[in-house]
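Peer 1: After the structure tokens below, expect a handful of questions from me.
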């Protein structure tokens, strides 16, 4: 009998299941091919995405691993985890593919704190996207680091994904993100209700149409909302609400949201890289479809959701009730192929 390691990430036997892409998304998601960095030998290391994960505290070390490693499995080149010193050694043992920085030190050690802030800020200049929240915790010092991170990243116009306890910070201080459109929030039901209350939005008992998520996007000044649930809803001010209803897994184990944040993060990096490539082209390619920035953010959120759900379904099909989030990691590549199956570059 084969026993899988708790952090097993290698490929599993191929599972033949039907593709998951849904007709309502096809016209939008066909454009996603244009956003994916080409694997044609023209790119250098890092040009397919440099991702930063801010989180990882003494009590929570798995979450940033899941987020960072998922981003690599989808196709980003480099994944940096920025965490508390006591968490760094543990996270390093999970995978040699992650670069782990113990910058989130205590202000009780002023010299080290100032040095780490400086090193962290220099690292931000090299990243395409920052995922804030996995394993962050609600400790005052970690929340202070998250606040500094958001303010600094916004000044640098970094693309952002906010999850978990970064959303707790946003509930307390919604003005931190207000008016900044280059961000995706990924709240679950409880986190979503807290955000509504923080923005003085009256909740409704039933909201399958995503209108509340749209109101939240408007209240925060145009960021994207990926509202997780039995059906994932993606809303952004000025765009139509997208619904992701493809089959996932009935097993709800810890870590799936962290995997989602890493996958969305990679798509956000690809969004940034796509528009950088477009600005460098002397004239647009005649065969390419036009993509607006608003569409690109919707694509990033929808595809992150679709791939996570498909990956979860594949893992559950193999492992059943015993499935853990670590089992999902080896299926990310196959899930990507299934989600994109049926689309053409023509």
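Including glycine, each Cβ sits where the backbone N, Cα and C put it.
As the structure is a computational prediction, the values presented were derived from the model and not from experiment.
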Peer 1: Which residue range, 1-20, 21-40, is the one Swiss-Prot calls region 'Disordered'?
Peer 2: 1-20
Peer 1: For the (6S)-NADPHX site that Swiss-Prot assigns to 188, 189, 190, 191, 192, 193, 194, 258, which of 135, 137, 304 is also named?
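Peer 2: According to Swiss-Prot, the candidate sharing the (6S)-NADPHX site with 188, 189, 190, 191, 192, 193, 194, 258 is 135.
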Peer 1: Taking the Cα atoms as reference points, how far is residue 193 ((6S)-NADPHX binding site) from residue 228 (ATP binding site) in Å?
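Peer 2: For residue 193 ((6S)-NADPHX binding site) versus residue 228 (ATP binding site), the Cα atoms are 12 Å apart.
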Peer 1: Which one, from the binding-site residues 228, 251, has the smallest tally of other C-beta atoms lying within 10 Å of its C-beta?
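Peer 2: 251, out of the binding-site residues 228, 251, has the fewest neighbouring Cβ atoms within 10 Å.
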Peer 1: When DSSP is mapped onto helix/strand/coil, what comes out for residue 232 (ATP binding site)?
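Peer 2: Note: residue 232 (ATP binding site) is in a strand by DSSP.
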Peer 1: Whose Cβ, among the binding-site residues 193, 230, 249, has more other Cβ atoms within 10 Å than any of the rest?
Peer 2: 249
